[in-house]
Amino acid sequence: MGKDIKKVVLAYSGGLDTSVILKWLVETYQCEVVAFSADIGQGEELEPVRGKAEASGACAVYIDDLREEFVKDYVFPAFRANAIYEGQYLLGTSLARPLISKRQMEIAKLEGADAVSHGATGKGNDQVRFELSYLAIDPAIKIIAPWREWDLNSRTKLMAYAEKHGIPVPTTQAKPYSSDRNLLHISFEGGVLEDPWAPPEEDMFVMSVSPQQAPDQPEEVLIQFEQGNPVAVNGEKLSPANLLAKLNELGGKHGVGRMDIVENRFVGMKSRGVYETPGGTILRIAHMNMETLTMDREVAHLRDSLIPKYAELVYNGFWFSPEMKLLQTTIDATQENVCGEVLLELYKGNCRVLGRRSDKSLYRMDFATFEEDEVYRQKDAEGFIRLNSLRLRIQSMMNK
């Protein structure tokens with residue numbers, strides 16, 4: 001494949017791995033390399049990445065702010081679905097990969113590149129997510145996955161390669177785990193976390209304080225929804241990215257959104273991950289409670305049956321699949337009346353609902369009251385119960 005490659009677009013973070021990959025691509029394939037970095041809320045300045053990429057041999061560098069697109073077109077659709085993988089994981093990394101891939105492919109087209117490359121290892125989910133997205137957009141694109149080709153399979157070897165080729169290397173000691181951050185969450189895995197019995201050290205966490213160290217006074221938060229999407233916090237209208245950032249700030253202050261789980265990777269193995277998702281945790285609780293007030297029972301139950309499949313598709317990298325499009329269209333049709341406000345309380349790692357209200361509410365006090373009412377004839381319940389018990393009574397008679 002090497003002789004056929006003239007130009008490659010690399011998903012570039014500026015870290016040791018992708019800096020080595022950039023130089024390795026130039027040397028191994030004798031090609032031009034375009035470095036692409038996406039700002040999806042990592043919480044760090046990306047402009048220095050430009051100089052590092054150029055120093056490592058990049059012929060061009062793209063640094064794109066994708067935060068609003070990430071939240072509006074990837075996070076919010078998933079939260080309209082209440083998506084959660086294996087009952088615990090809010091899909092922070094999974095949702096970012098298709099956006100990065102899409103923009104990477106757009107740059108490849110702009111640059112006339114014939115290949116794309118990424119820094120995902122051959123053991124993880126990200127290689128699948130990146131490459132399924134690439135191929136869904138352009139089946140003819142060539143893909144270079146260095147971790148499946150080279151023998152630089154340790155940090156020591158990467159450092160030696162970097163020093164040999166004059167690549168800027170980290171001056172700080174490597175952390176005993178890997179992390180990945182965006183506006184929705186930060187994940188930690190590997191290293192000391194590979195032992196599922198070993199608790200994470202408190203100094204690892206960056207988006208949230210320890211619940212024990214959180215304020216002793218609870219804080220109320222009001223979230224407004226329109227058609228399933230959050231649009232305001234405490235009465236202030238905010239853009240999607242700014243709204244999620246605000247909820248991250250509030251949730252992190254109160255120690256909300258920490259999760260330590262063992263999950264099933266698409267490639268077949270189990271892995272342990274520790275996550276901080278403060279804003280996402282608040283948002284999911286609020287959205288689900290907004291739905292309880294405004295969504296028809298049978299629609300809600302049918303939609304809920306689709307959540308595991310939706311989450312599995314996102315987790316496994318099928319964001320651009322036809323079945324994903326079908327599910328999203330179906331789910332979005334359920335959100336038309338999910339409008340109103342939810343009041344929550346944040347306190348020492350907990351997020352609980354205090355109240356909810358909506359002009360689209362299906363909750364009627366005159367029907368639900370335990371006091372005397374004139375709109376519900378309680379005697380009607382007798383026939384309802386008798387008809388619904390018919391098959392049970394027949395079964396009982398057969399067993400005698």
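Cβ from N, Cα, C; glycine included.
The ATP site in Swiss-Prot is built from ALA11, TYR12, SER13, GLY14, GLY15, LEU16, ASP17, THR18, SER19, ALA38 plus one of GLY119, GLY122, GLY124, namely GLY119. According to Swiss-Prot, the residue from SER117, SER178 that belongs to the L-citrulline site alongside TYR89, SER94, ASN125, ARG129, SER187, GLU263, TYR275 is SER178. Residues TYR89, SER94, ASN125, ARG129, SER178, SER187, GLU263, TYR275 are listed as the L-citrulline binders, and the farthest two of them sit 19 Å apart at their Cα atoms. Comparing the Cα of SER19 (ATP binding site) with the Cα of every entry in TYR89, ASP126, TYR275, these being the binding-site residues, the smallest distance points to ASP126.
Other residues of the chain with a Cβ within 8 Å of the Cβ centroid of THR121, ASN125, ASP126, the L-aspartate site, are ALA120, LYS123, GLY124, GLN127, VAL128, ARG129, VAL267. When Cβ atoms from all protein chains are considered, those within 10 Å of GLY119 (ATP binding site) total 22, not counting its own.
Cβ-based crowding with a 10 Å cutoff singles out TYR275 as the top-ranked of the binding-site residues TYR89, TYR275. Look at the binding-site residues SER13, SER178, SER187 and count other Cβ atoms within 10 Å of each Cβ; SER178 has the fewest.
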